[in-house]
Amino acid sequence: MSALLVDNIGELVTNGVGEGPLGIRRSAAVLIEEGRVAWVGPAAYAPAADRRIDAGGAAVLPGFVDSHAHLVFAGDRAAEFAARMAGEPYTGGGIRTTVGATRAATDDELRATVRRLRGEALRQGTTTIEIKSGYGLSVADEARSLRIAAEFTEDTTFLGAHVVPAEYADRPDDYVGLVCGPMLAAAAPHAKWIDVFCERGAFDVDHARAILACGQAVGLGVRLHANQLGPGPGVQLGVELGAASVDHCTHLSDADVDALASTRIDCMCHEGQHTSTVATLLPGAEFSTRSPYPDARRLLDAGVTVALATDCNPGSSYTSSMPFCIALAVREMRMTPAEAVWAATAGGARALRRDDVGVLTPGARADLLVLDAPSYLHLAYRPGVPLIHQVIRNGVPQ
Ligand code: NIG
Ligand code: FE
């Protein structure tokens, strides 16, 4: 059995047992066998291995878990971005532009875009990514979007209820029927999750509940786009349905925060407890739509588990960079650097209900980032700087 030792780690973020909320170990080493973490401990006691990577005293942390990304699309909306920066508001109306371009693209064109963005994300430290459909909005186009997404990740999400497509504009009930019937049947074999954009101008709470219930009935896990553009019932619907995550959470009432906090459960995890419905914050969207950021501090202080993700898509957030989101969360959302790094790793894993990623403890998948920096703090302290020196995914140096 071939073993790889990552040695001479100045600061190791484990998100497990260790110092502080990130479970930090100093002067550490990690032994990797068969794609898994086999041992974590002081470098001085490191077991022998066939191969060795010298981290040179730098920081090492778990690969980022980007739990919210829309990578299957064609075209871009740079002109829409420019118009926003000149004062136009973001309404989500541009989604239909991307739907047109996506329907017109070949499978290979869509696949090439996912491959390009997946590669971009990996180079910036993302070792687990969720990928949604949602720019096809026909039975065939949603099914192929998910088929292509499944070539790149096991965390695929059916978002047939992104918006009502133009051809159904005056009969939304019929579109909901299509989503719950033939579209779900074609999508489900390629999907693990179901998502709905529950927002004024997209799907109301009754439609969202009906669609998510149909998805649950065929075994898909629930996640939601909720409370992005204004206050609304999405977050509480997510809690009602036992969603793994409600995403955006930009406009929350006290009742929304209380509902999320009420999903708290005790666990054998490092933190001792977490909320079974995670609030996933997507600061790239607020950055790119010039909107007020969500109040992460309020959620954290209420005991809600928070994840950070990119929301990578051509409309509201065309970034694949988790380090950028960490920097925004610290500077603009009053998260500490430790909270932001936790949210971008272990938090993302919780939002995907996974315990094999987001941590560096024995048994976890060996997804490690070697930084070109002595501490995880530099991810927020040195924004925009390419600090991801080396990525190891599934035990394999990339
Ligand atoms: O998460 N809010 C809905 N969906 C995406 C935006 C999609 C788009 O503008 O193309 C989001 O922000
Ligand atoms: Fe999104």
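FYI, residue positions are counted from 1 along the chain as it appears here.
Quick reminder: no glycine exception, Cβ is built from N, Cα and C everywhere.
Whatever TrEMBL says is automated annotation, not expert-curated.
Feature annotations, reproduced from TrEMBL:
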BINDING   His68, His70, His225, Asp311  Zn(2+) binding site
BINDING   His68, His70, His225, Asp311  Fe(3+) binding site
BINDING   Arg77, Tyr135, His162, Gln228, Ser316  4-imidazolone-5-propanoate binding site
BINDING   Tyr135, Asn313, Gly315  N-formimidoyl-L-glutamate binding site
DOMAIN    60-382  domain 'Amidohydrolase-related'
- Item | Cα separation, Asn313 (N-formimidoyl-L-glutamate binding site) to His162 (4-imidazolone-5-propanoate binding site) (Å, whole number) | 13
- When each of the binding-site residues His68, His70, Arg77, His162, His225 is scored by other CB atoms within 10 A, the minimum falls on Arg77
- Message: Same chain only, sequence gap of 6 or more: which residues have a CB within under 8 Å of the CB of Gly315 (N-formimidoyl-L-glutamate binding site)?
- Response: Arg77, Glu80, Tyr90, Gly92, Gly94, Ile95, Thr98
- How far is it from Gln228 (4-imidazolone-5-propanoate binding site) to His70 (Zn(2+) binding site), counting Cα to Cα, in Å? 16
- Query: Taking only the binding-site residues His70, Tyr135, His225, which one has a CA atom nearest to the CA atom of Asn313 (N-formimidoyl-L-glutamate binding site)?
  - Reply: His70
- Task: Among the binding-site residues His68, Arg77, Asp311, Asn313, Gly315, Ser316, name every one whose Cβ is found under 6 angstroms from ligand 1, counting any of its atoms.
- Result: Asp311, Asn313, Gly315, Ser316
- Query: Other residues with Cβ within 8 Å of the Cβ centroid of His68, His70, His225, Asp311 at the Fe(3+) site?
  - Reply: Ala69, Lys132, Asp195, Asp247, His248, Leu282, Ala285, Ala309, Cys312, Asn313, Ser317
- For Tyr135 (4-imidazolone-5-propanoate binding site), which residues of its chain lie six or more apart in sequence with Cβ-Cβ distance below 8 Å? His70, Val72, Phe73, Ala74, Ile95, Thr98, Val99, Ala101, Thr102, Asp141, Ser145, His162
- Would you mind giving the whole-number mean pLDDT across the domain 'Amidohydrolase-related' (60-382)? 97
- Task: List the same-chain residues at least 6 positions away in sequence whose Cβ sits under 8 Å from the Cβ of Asp311 (Zn(2+) binding site), in sequence order, or say none.
- Result: His68, Ala69, His70, Asp247, His248, Leu282, Gly284, Ala285, Ser317
- Query: For Ser316 (4-imidazolone-5-propanoate binding site), what is the tally of other C-beta atoms lying within 10 angstroms of its C-beta?
  - Reply: 27
- Neighbourhood of the N-formimidoyl-L-glutamate site (Tyr135, Asn313, Gly315): other residues with Cβ within 8 Å of the Cβ centroid, in order? His70, Phe73, Arg77, Gly94, Ile95, Thr98, Gly134, Pro314, Ser316
- Per DSSP, three-state class assigned to Asn313 (N-formimidoyl-L-glutamate binding site): strand
